[in-house]
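Peer 1: The following block contains the structure, expressed as structure tokens.
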Amino acid sequence: MNALAATNRNFKLASRLLGLDSKLEKSLLIPFREIKVECTIPKDDGTLASFIGFRVQHDNARGPMKGGIRYHPEVEPDEVNALAQLMTWKTAVAKIPYGGAKGGIGCDPSELSISELERLTRVFTQKIHDLIGIHTDVPAPDMGTGPQTMAWILDEYSKFHGHSPAVVTGKPIDLGGSLGRDAATGRGVLFATESLLNEYGKSISGQRFAIQGFGNVGSWAAKLINEKGGKIVAVSDVTGAIKNKNGIDISGLLEHTEENRGIKGFDGADSIDSDSILVEDCDILIPAALGGVINRENANEIKAKFIIEGANHPTDPEADEILRKKGVVILPDIYANSGGVTVSYFEWVQNIQGFMWDEEKVNKELQNYMTRGFKDLKEMCKTHSCDLRMGAFTLGVNRVAQATVIRGWGS
């Protein structure tokens, strides 16, 4: 089941639990706008290259649409559509005043020079600048993009609309980016994990963690969990996987990955097969890389008691069912990894106010939002006698449905 089919399935299950009528259900599912543009640029060697850019704006009942822009060879409409819809429910679960969007360009950024990436970003911005905006649709970084990409979008957009720092988030600090944004998704994973463990009378300290993915989310989660006394026993990234049952030296691993662009070759742990990271012996598994990695082939082998979804859609529906029967508790992506979009919201607020916060305030507010979000999610679980994933989906869908009806769009 691909990401769009799985997202639609979860939405429809939530819709039935909430008793939404078919007309409203259809209205919530159909994207507000789908954009597809051709982006042609001169390459450094003088030849022309064309790329396809996408932006799906899913819903704006609760506020401006929000979502990342990814540069990846496999960016395609169904995936972008699924991720845009997920952002609609995620922002509603986080109780921040946004709807969902997602975008990207079908390209391999590793095969483009910095100047080619800049030209591509500026052409894409020229094509969509009238369709994004501070109170319309606010892009952010995603896979294959980062603060520099956002700086180019901001500069190009500002040529048409005047200086507009709030048009994108995840910017460099010098252009109005927020302190704490870089660590936000990983820090949100920490706060989400603490909230869940608290329900079971446990704390981070002494728990054994396996983390799949050591990019921004996985590395920050590992660092912060380690500081709280959690034991990271296994880690993987695109270069390989390692384990140490006594706990990996995370500060040493972070230094190694900085110098070697990956965990491969780290001498403080044993090398293992990358596929085995998900089935390593641990208390808590954090998939923080790609979608669809937990499936019917490996679900029965998973030994973790808790799964915290740092990545988007890492668990497919068949695996969900297998793990539920095994008694594994899954904290779903639309809550667990919402720290990033929450601090993006804080950045947007700071830009609009023209008043920047210190990092302590950013982190404290994030903790408040994540803690409150978990309480709201648990209330929906009690109301509808459902698991955490359906609790999160019913919470998000219900908030968007209420806003839709109140605005007079649902009749």
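Just so you know, glycine gets a Cβ as well, placed from its N, Cα and C.
What TrEMBL records for this protein is below:
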- Lys66, Lys90, Ser344: substrate binding site (BINDING)
- Lys102: active site, proton donor (ACT_SITE)
- Asp142: site 'Important for catalysis' (SITE)
- Thr185, Asn216: NAD(+) binding site (BINDING)
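Can you tell me where each of these features sits in this structure?
Peer 2: Around Ser344 (substrate binding site), a 10 Å sphere centred on its CB holds 29 further CB atoms from the protein chains shown.
Residue density at Lys102 (active site, proton donor): 31 other Cβ atoms are found within 10 A of its Cβ, drawing on all protein chains shown.
Around the Cβ of Asp142 (site 'Important for catalysis'), a 10 Å sphere holds 22 further Cβ atoms from the protein chains shown.
Cβ neighbour count for Thr185 (NAD(+) binding site): 25 (other Cβ atoms within 10 Å of its Cβ, all protein chains included).
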Peer 1: List every residue in the same chain as Asn216 (NAD(+) binding site), at least 6 positions away in sequence, whose Cβ is under 8 Å from its Cβ.
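Peer 2: Long-range Cβ contacts: Asp182, Thr185, Gly186.
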Peer 1: Whole-number Å only: compute the distance from the Cα of Lys102 (active site, proton donor) to the Cα of Lys90 (substrate binding site).
Peer 2: 12
Peer 1: Taking the mean position of the Cβ atoms of Lys66, Lys90, Ser344 as the substrate site, which residues outside that list, in the same chain, have a Cβ no more than 8 Å away, listed in sequence order?
Peer 2: Gly67, Met87, Thr91, Ala94, Ile96, Tyr98, Gly100, Ala140, Ser338, Gly340, Val341, Thr342, Tyr345
Peer 1: For the substrate site as recorded (Lys66, Lys90, Ser344), determine the largest distance between any two Cα atoms, in Å, rounded to the nearest integer.
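Peer 2: So the maximum pairwise Cα distance among the substrate binders is 13 Å.
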Peer 1: How big is the Cα-to-Cα gap, in Å, between Asp142 (site 'Important for catalysis') and Lys66 (substrate binding site)?
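Peer 2: Pair distance, Cα basis, whole Å: 12 Å.
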